[in-house]
Amino acid sequence: MSVSVIGAGAFGTALAVVLAAKGPVTLWGRDVAWRGENPRLPGVVLPNTLRPTDRLDDALAETVLLALPAQVLGGFLAQHGAMLDGRNLISCAKGIDLQTLQGPSALIRGACPDATVAVLTGPSFAADIARGLPTALTLACEDADAAEALQAQLSTGALRLYRSTDVTGAEFGGALKNVIAIAAGAAIGAGYGDSARASVITRGFAEMTRLATALGARPETLTGLSGLGDLVLTSTSEQSRNFRFGLALGHGRDFGAGTTVEGAATARAVAALAPQLGVDLPISQLVAGLAQGHIAMEHALDILLNRPLKEE
Ligand SMILES: NC(=O)c1ccc[n+]([C@@H]2O[C@H](COP(=O)([O-])OP(=O)(O)OC[C@H]3O[C@@H](n4cnc5c(N)ncnc54)[C@H](O)[C@@H]3O)[C@@H](O)[C@H]2O)c1
Ligand SMILES: O=P(O)(O)OC[C@H](O)CO
């Protein structure tokens, strides 16, 4: 099966680099005028078996990894879905679409009804994957046979994929951890300390589980790589853009525009979903308010701590 990657950002390029060790890979991006090294992934030399292109019709393999940001995916599919239909389409985006409040797999299914839809998610920084460091991810697809075939196709010596049929659990775990990582960063940035961060991670994980299971996810998926695994990575590493965005909020500093911070828009989507699903998500709703500037950092702690005491 041939492979292509749509989206020449850090993650799409990193995946293309490692998969190109197994065979030819085409990488589509809007602007691939750079040659040899993608500025979004500095220091990584592209192998000869990786072919960048800005022509979409030139990048339509049997298996297509969609590595665009979540808020961009819907528009891209509306424009190009027909060209992509009928293939194995694997979402690598970690977010919830603000317009539809859907995860990437539902967007893909809507635009490409004859595709086999899967998600690839889990704890992984693009720079680590591109350097060939050992990484374990979840490949989720409702069709168990397709999941097994894609797992074999996309695993490499250092990139170890575990398969799952719980697409909702895998993709919502990956999206929601970004929101909680912002909260963890804000707690550290504001000087609340490591104990407070551990509370945010733990109570945030409870929120992730509540929301994802209300949407039909299996609870055990949330304890796997795509949920807890990625939450731990993203809430504890300054390599994470979501964590660094939270740090800036906590410090009261501006954060560079143009950096992909999936958790900011996803927090707003979560805040809209919570009342629809009847779930209580105080940390995520706080992040939505902070990210939009509706809540000031100095009030954030009071909002969380002044809620009624409850059973764990
Ligand atoms: N970077 C990581 O370490 C990492 C790891 C795992 C998953 N992800 C996920 O992968 C997704 C992409 O993140 P990234 O890190 O590659 O982002 P990035 O900021 O490095 O790159 C985003 C890319 O999207 C392109 N883009 C933006 N709008 C577009 C449009 N309308 N049409 C076509 N292309 C457009 C940009 O040109 C850029 O190449 C996110 O959902 C992220 O959560 C990233
Ligand atoms: O840099 P972030 O915060 O988008 O995180 C990247 C990956 O999702 C970590 O698994």
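Any Cβ shown, glycine's included, is placed from N, Cα and C.
TrEMBL annotations: computationally assigned, not manually curated.
Fair warning: this is a prediction, and the values are worked out from it, not measured in the lab.
The active site, proton acceptor annotation in TrEMBL covers Lys177. Less than 8 angstroms from the CB of Lys177 (active site, proton acceptor) sit Lys94, Met208, Gly227, Asp230, Leu231, Thr234, Ser235, each of them six or more residues away in the same chain.
In the three-state DSSP classification, Gly12 (NAD(+) binding site) falls within a helix. The NAD(+) binding site feature in TrEMBL is assigned to Gly7, Ala8, Gly9, Ala10, Phe11, Gly12, Ala126, Arg241.
Counting only same-chain residues at least 6 apart in sequence, those with a Cβ under 8 Å from the Cβ of Ala126 (NAD(+) binding site) are Gly9, Ala10, Phe11, Thr13, Ala14, Leu41. The annotation NADPH binding site is assigned in TrEMBL to Phe11, Arg30, Lys94, Ala126, Arg241, Glu262.
Summarising the environment of Asn242 (sn-glycerol 3-phosphate binding site), the number of other Cβ atoms within 10 Å of its Cβ, over all protein chains shown, is 28. According to TrEMBL, the feature sn-glycerol 3-phosphate binding site maps to Lys94, Gly122, Ser124, Lys177, Asp230, Ser240, Arg241, Asn242.
Taken from TrEMBL, the feature substrate binding site covers Lys94, Arg241, Asn242.
Restricting the average to the domain 'Glycerol-3-phosphate dehydrogenase NAD-dependent N-terminal' (3-146) gives a pLDDT of 97. Positions annotated as domain 'Glycerol-3-phosphate dehydrogenase NAD-dependent N-terminal' by TrEMBL: 3-146.
Annotation source TrEMBL lists domain 'Glycerol-3-phosphate dehydrogenase NAD-dependent C-terminal' at 166-301.
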Could you tally the C-beta atoms, other than its own, that fall within 10 angstroms of the C-beta of Ala8 (NAD(+) binding site)? 24
If we take the residues Phe11, Arg30, Lys94, Ala126, Arg241, Glu262 that the record assigns to NADPH, their largest CA-CA distance in Å comes out at 22
If you tally other C-beta atoms within 10 angstroms for each of the binding-site residues Asp230, Glu262, the top scorer is Asp230
Between Arg30, Lys94, Arg241, which of the binding-site residues has the fewest other CB atoms within 10 angstroms in the structure shown? Arg30
Spatial neighbours of Arg30 (NADPH binding site) among the binding-site residues Gly7, Gly12, Arg241, Asn242, defined as Cα within 10 A: which are they? Gly7
